[in-house]
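Structure first, then comments.
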Amino acid sequence: MKKSTIPSMSALTLAMSLAFGGAAIAQEQVTGNQFWWPEQLNLSPLRQNAVESNPYGSDYHYAEAFKSLDLDAVKKDIKALMTESQDWWPSDYGHYGPFFIRMAWHSAGVYRIFDGRGGAAGGQQRFEPLNSWPDNVNLDKARRLLWPIKQKYGSKISWGDLMVLTGNVALESMGFKTFGFAGGRVDDWEAEQVNWGSEKAWLDSKRRNEKGELAKPMGATQMGLIYVNPEGPNGVPDPLASAKEIRDTFGRMAMNDEETVALIAGGHTFGKAHGAHDPSKCVGADPAASGVEAQGLGWKNKCGKGHSEDTVTSGLEGAWSVNPTAWTMQYLENLYGFDWVQTKSPAGHIQWIPKDGKGANLVPDAHDKSKRHAPIMFTSDIALKEDPSYREITTRFLKNPKEFELAFAKAWFKLTHRDMGPKARYLGADVPAEMLIWQDPIPALDHPVIDNADIKALGNKILASGLTVPELVRTAWASASSFRGTDMRGGANGARIRLEPMMNWQANNPKELAKVLAKLEKVQKDVNSSLKGGKKVSLADVIVLGGSVAVEKAAKEAGVTVSVPFTPGRMDATQAQTDVSSFAVLEPTADGFRNYYSKDSSHSPAEMLIERANMLNLTVPEMTVLVGGLRALDANSAGVKHGVFTDKPGTLSNDFFVNLLDMSTKWSKSEKQEGIYEGQDRKSGKLKWTATPVDLVFGSHSELRAVSEVYGAQDGQDRFVQDFIKAWNKVMNADRFDI
């Protein structure tokens, strides 16, 4: 059979198997490599959302498309949608606002600080597993309600932006003044590979250490939840224990106690919970598990109407406020105006109602005007009253409505924008003017930048400063590689490597770093004193240029004359603009590019290399060439020699690959150093090299070896240098959202 006929035959087989119930497919499941070799290093994180996956093509630039959008027209359309109830999914109280607030919140609320993953950017709520999480029940309908608007504006607004904007408009349509909105969230085209936990069942919780602490980087207490179980930890209705979990999980989203209280109290001012029936008897499969005829919708409810007064979502039932479609103080007034006792929803879930039947007719029914109900609270709501810190905040907010309103506005803005990175990425006319500390502010460029002649002169001064090639490369890499593309934080801009906490990170070799920075600061000061026409250069630029001229020098010594691109314009942040605790989570526990690994790392050295490369948005070839080049440049953390497979360190040669692939070397585990390997001459037994697993994986892993062979070939030197410079420049400019 010709290979070209296989795809069409496969399509025919698929169609026939689907027609007959899928039996043929079930019998022909392919056993993949991961089954046979589960310990094999997984490179797929470096192949996510490739440009080829984007149907808009490589010439499409979302920022430009968004700038052509009439944002006011979009908001007008969204506002109209709020009260245009659809028969297939009617709105509660005649208003979709609370439903869309939940959608936006749950889109953004999966963000977590430890790895920067989650959040609204990418529009990941559309994909598995988030689109089928138990905590996201029925949000498939919210996105489907939005489709006509997304269809109308097409490529000009992403799903990520649209969901957040809709949450804002929902709040505004119910009388709340939001803090602002920024566009700029570029959509993904596939599910992001995220460690959401190892549990094999929804709502299971096997993510705590022996001390009972939630494992990093998890942001929720149970599989499939955004934060906590609203009924209490693992369903136990203990408000104080719930408060402890709330504080932990919201803290993992970068929220302090005041922001946490504002979000919960503000969010629960609107809408209601849905638990009209027992979900086990009424609700069908989630979207991912539903048939093709469901067209991406799930949780089909066979009880009653299947919606409206028969809706089943969380299993909890009722509203917190008397007017659930308006901004009021009723949530806090009710929280403190009643004593609360436990009861069960019609679905059998634990919730709280006023004691002694009080308030029984306060809350209107969402669909039947002839009915009224008592307000309800979750265990997680009662926690805001019983926990001492939360109680102080809620009582203060109750007495100061304007303070509460501003706190919720700012907390909502932070919730929905935390994963976007610095303000330089914000788009649109609704961006608030105020600079917030969690945006990692950097001063705006306020002077002319240096020109090519200045750059050349500055580079020469750096090389004449007495600093070595490895020292300059290590410092530039430490500065720039702090960037993580998951939430666009870190990077060389701002020169925060000279500030707390980065200046004392172990991976950055603080003692050497202080020496290098002192010399670079002197060069910067001398150059700035001689520049004309108001021109200046920042230390951030000097650090990057220092690494770049060092690479040029190292390439020349390897016989290749090159020019490393350099674009000035970075600025220097101050310590006051740097939240130490916020930046602390960026500290690397491992950096395979520098052969640094600490025992605090959550995975093996090779796996942590993939994680770091993924954070830097690198491809497999880019990661490979950078590791080989940085080893040749002797850029390991603290100057360790593992993996420096060359007799001329500090030279940009392809020796790492040549010597790694050399069959005259036999590798074995060191008997003296844990986690270290020794390379001995096969004939003499003489020790030639030492290495870490990160070094050796480029010869042992079949795919990485294939790339290594390209750079280790006799004609590989020039390609190696050129590719290294491209990858180096990519990392140095990873946070340059201004170019």
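Any Cβ shown, glycine's included, is placed from N, Cα and C.
Over in Swiss-Prot, the protein carries these features:
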type	residues	note
SIGNAL	1-26	signal peptide
SITE	Arg102	site 'Transition state stabilizer'
ACT_SITE	His106	active site, proton acceptor
BINDING	His268	heme b binding site
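Where Swiss-Prot records a feature, it is marked here on the structure.
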residue : record                             : Cβ within 10 Å
Arg102  : site 'Transition state stabilizer' : 23
His106  : active site, proton acceptor       : 21
His268  : heme b binding site                : 27
For Arg102 (site 'Transition state stabilizer'): DSSP state (helix, strand, coil): helix
C-alpha spacing of Arg102 (site 'Transition state stabilizer') relative to the residue listed as 'heme b binding site', in angstrom: 10
